[in-house]
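Read the structure below first, then the notes.
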Amino acid sequence: MNYNLNQLSTQQEKQSTYKALKRLLQLISAERKNLWLALIAILVNSGLLLLGPLLVGHTVDTYIRTKQYHGVLVFGGILLVMYFFAMLTGYTQTKLMGGVGQRMLYTLRSAIFNKLQELPVSFFNQNKAGDLISRVNNDTDKLNQFFSQSLMQFIGSIVTMIGAGIFILSIHIELGAAALVPAVVIVLFTMVLSPWVKRKNATNLKSVGGMSAEIQESLNNFKVIIAFNRRDYFRKRFDDANKENYKTAIGAGLANNIFVPVYGLLSSAAQLTVLLFGIYLISKGSFTLGLLVSYISYTTNFYNPLRQLAALWTSFQVAMASWDRISQILLLETDLKQIDQVSEISSDALMEFKDVHFSYDGTKEILHHINLRFEKGKTYALIGPTGGGKTTTASLISRLYDATKGTVLLNGKDIRTYSAEERTQKIGFILQEPFLFTGTVKDNILYGNPQYKAVTDDELKQIIAEANLNDLLAIFDEGLSTQITSGSDSISLGQKQLIAFMRAVLRNPELLILDEATANIDTITEQLLSSILNKLSKETTLVIIAHRLNTIENADEIYFVNEGEVQQAGTLKHALDMLLEGKRVS
Amino acid sequence: MEKPKQEKKSSIFSLLASYRSLILLLILFALLSNGINLLLPKIIAHGIDSYTNGTFKIEPVLIQFSLAILLVFLFTYLQSIIQTYASEKVAKDLRSKLSDQISRQSHAYVIQANPSKLLTNLTSDVDSIKMFVSQAIVSMASSIFLIVGASILLLMINWKLALCVIAIVPIIGGAFFFVLSKVRVLFKKSREVIDWLNKVISESILGSALIRVVNAQMLEYHKFLDANGRARDLGLSILRLFAGLIPIIVFVSNLAGLCILVLGGHFVITNSMTLGEFTAFNSYLALIIFPILVIGFMSNVIAQATASYQRIESVLNAAEIKHPGTIQLDLIGAVEAKDISLSFGQKPVLKAISFSAKASSRTAIIGPTAAGKTQLLYILTGLINADSGEVLFDGKPINEYNQENFHRQVGFVFQDSIIFNMSIRENIAFSDTVTDESLAKAIETAELRDFVDALPDKLNTIVSERGSSLSGGQKQRIMLARALAVNPKILLLDDFTARVDYNTEKRILDNIQKNYPNLTLISVTQKVASVTHYEKVILLMQGEVIAEGNHEELLKTSPEYVQIYHSQQSTSNYELQS
């Protein structure tokens, strides 16, 4: 399945825009009550603020001109009360809408993260870490900016604008219609231009993602850049990404900035229209001069929020482009679903491969006709030249991938019928590249282990002692509380492998795969590891992938994996002969 | 309080010095369009007045007005173009400067500065400065222009009423200052929360395979919810402050309007002010309020940009590593370590290590996990500096060599697979000195020929990031080819053989001897069998050299070595047969 976000098919793309919008509405639906309340607050607030100038005008006309100061004070009092209510509704509207925005952002981020957790390993292999981080962070932040800063103004402006629009139409329908002609032009202009603007922003966001991926890759591997004298190379690659970003950013910036001058021009054109058409109407005797003066300011009331909308529209376009990039992730579905139907095939072994084929990309087959059988409590070794398919086989055992053809059976049932929880509890896998989280050694060896969720240090020490892991823990200066920073060089690869080993053993799986899990550990410590493995309950089936032969000498059965095929090797001696004579595919 | 702020500001404005003409042009266009905009009401007023007087002619009004709005359009459009251009240029130049600076730094600096923080410097920090250039400068200039201009006009009309109206400026300013000083603390906190979110996200991406193997998706999700919830709560706190601020400002400015109505009305009634002046007061009030709001928001943008600029400056001003080394000699290949010590904090990693390797000799470093082997190799290549002691190449300290010249002659195969998302050719020919010939030789030596030939695009096949499309052994051999492609005089291997099968390993080591006969080899390894014929084996334990000598000697003198040897004996019988 294609998980590469930058190479989605157009069909996948098309599907996304429609579905994404639906999903956005779903996210809002929980906030319906707040949205209604906010809308009421906005309406009252805008109404009050629109009413203000009218009352001022009325006071001027009826009291100040006639020099009745008492009336001025009365209306001053009324205005004071109105302004006070406007303040309250203003507070309510900002608080409600901002709250909606913040909670939506929270829901949205959680939804993306949750989706990331649902997606299979191949998704992460097909996308760059820097680009994904940019999508979850930068793109949600663009949405956040829109929600927390612009959405309020956006809605407020639209409401004020509609109010003012109705107002000028109701005073004089013909003059009103003339005054609104430029607004229609603005709407058309916006509709025509928006897709282009959005595209420009999408291109820019993509290059931001690319640049972030570039930085991420180079900085995390800085030692190679130094040791191979490629500082200039780093500069050049970054420079290219930077220039590309500059180019797209200018494109997006020019597109985004086109709205403000055009909206300004057309708003002014509207004033001119009102002035000239108004004078024409006055000369025909169907309008008065006093009315024209106020009419011009009402028109300003309509066009000012529209001008604001020009700036907001830009941030809306950026937000939409970001939303597209996010929804590309949200709409991906994992192809590793749990299935219901039980296949006819059954097996009495703990794990059995029946005529399994596998391909990563659907074209180049990596494994062909694999038949394997792992029984309870026995130890198996997979040996063979590099690139022969050992790790891929192990990944199928733990269902990091599904077989393209054939069946993988766990306890006689199709492995796909197990829930992830059940499967991972039965199958342990020590990966070739150990990964540690930032935290302590304790955090890391208990990572994802539901059994020991809340143990104290003392209890854990006891558990470790019972699992014979004491000597391994002793290798860490501060034992359980040794601090680890993910991705740093502060502890050695061998130590990382030890933590991964302890982590897997403490989970007590029925089947444990060790994929070159001890490759960087010295041979004396490794002997310790094999004695620990030997003491593991006789129930545990071990599948060991190793190049070092002493690691596999105790295997009950040895499989020779080469060119995507698996053969039973019989004795260690025979396996070695095959290994020595075997042609490397890679 | 006031003074350091002033200094900070001067530093971010000093950034603009080299773009002076662009910025001046920007401000000029902004002021022009704002100025002409102020004229529009006058043209309308004039039109109406002339109509009342009966001297109305349509053409001059139409022409004047059209000309004015076209000029405004032209100036705002030019302003927006320059604005985009200037802000993106500042951002691009700043990023170039940063990357240039980072690219000259040492490995230790990058690790200590933390790559993800540098990523933030290069992205969001630069973004906030970009925002400053594109929005703050123009808005501040036009706002101050409008406030000052309108205030002068007001004072000229009626100074008593004007003072009453202008009084709102400090009130609003004070409210802003109060809220923003509180918000700034929250902003700082929310940046920390964002860092936290980033960490959770990136660890969950890099550790995705492990998370799936132990079914810890829910755990990660809850970790994320914690950080995300905190971000939401902070967002809501910031919101509460702003939700209070804006209505208060609107209220205060409405009070000013009320003041004009009541007080101004009084003046009009008592005939100390005309109705026209009264109307003008109202319209100028509207002119003042918006700029005040803008200045408030922009002061926040400036504060954020200042903070970002300080972070960027600390990277730009970081001391560069000194490359006093000038020696450009071709190495012969003798390596000597003299009394090298290294500590991480309190913890000693290497304790007074001394050894030497003759040119063209082979030396193995053997020792348990966490003995300090990798750190020793890092010191030998100058990736990190020892706390004390000296590394000599051909009798001269490593620091006296020209760095580029030195690295060109020393190949290093790292323990962890580092594969870049580029073609295989670029991954191997990672240095610019690699010729096609030396590339071919490196590929042959690393036994990669068959693998490369089987690929659809041969050497031009693009490898995915972190090399996830390659097997562990393939990655390691590409890394070896990368080191050999520079035709090194000295080759350092860090546990190279760990992921390569014995058969391939043996052939590769034979190839190295055949194709690179005069190479000095220093190899960290776990396998005794591979090093029995090496000139020297160094046994390293807990940062100390326990024993030194060739295989035979160590078997006689070092019980620890014998123990390691025995731990591998059972199977090395098989291995030796081959």
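Glycine residues also receive a Cβ, built from the backbone N, Cα and C atoms like all the rest.
TrEMBL entries are annotated by machine, without manual review.
Listed features, source TrEMBL:
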type: TRANSMEM; residues: B:12-32; note: transmembrane segment
type: DOMAIN; residues: B:24-304; note: domain 'ABC transmembrane type-1'
type: TRANSMEM; residues: B:61-82; note: transmembrane segment
type: TRANSMEM; residues: B:132-153; note: transmembrane segment
type: TRANSMEM; residues: B:159-181; note: transmembrane segment
type: TRANSMEM; residues: B:241-269; note: transmembrane segment
type: TRANSMEM; residues: B:281-303; note: transmembrane segment
type: DOMAIN; residues: B:335-567; note: domain 'ABC transporter'
Integer average pLDDT (0 to 100) for the domain 'ABC transporter' (B:335-567): 80
Listed stretch, out of B:61-82, B:132-153, B:241-269, B:281-303, that has the most CB pairs under 8 angstroms to the transmembrane segment (B:159-181): B:241-269
Within-chain partners of the transmembrane segment (B:132-153) [C-beta distance under 8 Å, separation at least 6 from its ends]: 12, 16, 23, 26-27, 30-31, 34, 38, 79, 83-84, 86-87, 90-91, 162, 166, 169, 280, 284, 287-288, 290-292, 294-295, 298, 301-302, 304-305
Ranked first among B:61-82, B:241-269, B:281-303 for CB pairs under 8 angstroms with the transmembrane segment (B:12-32): B:61-82
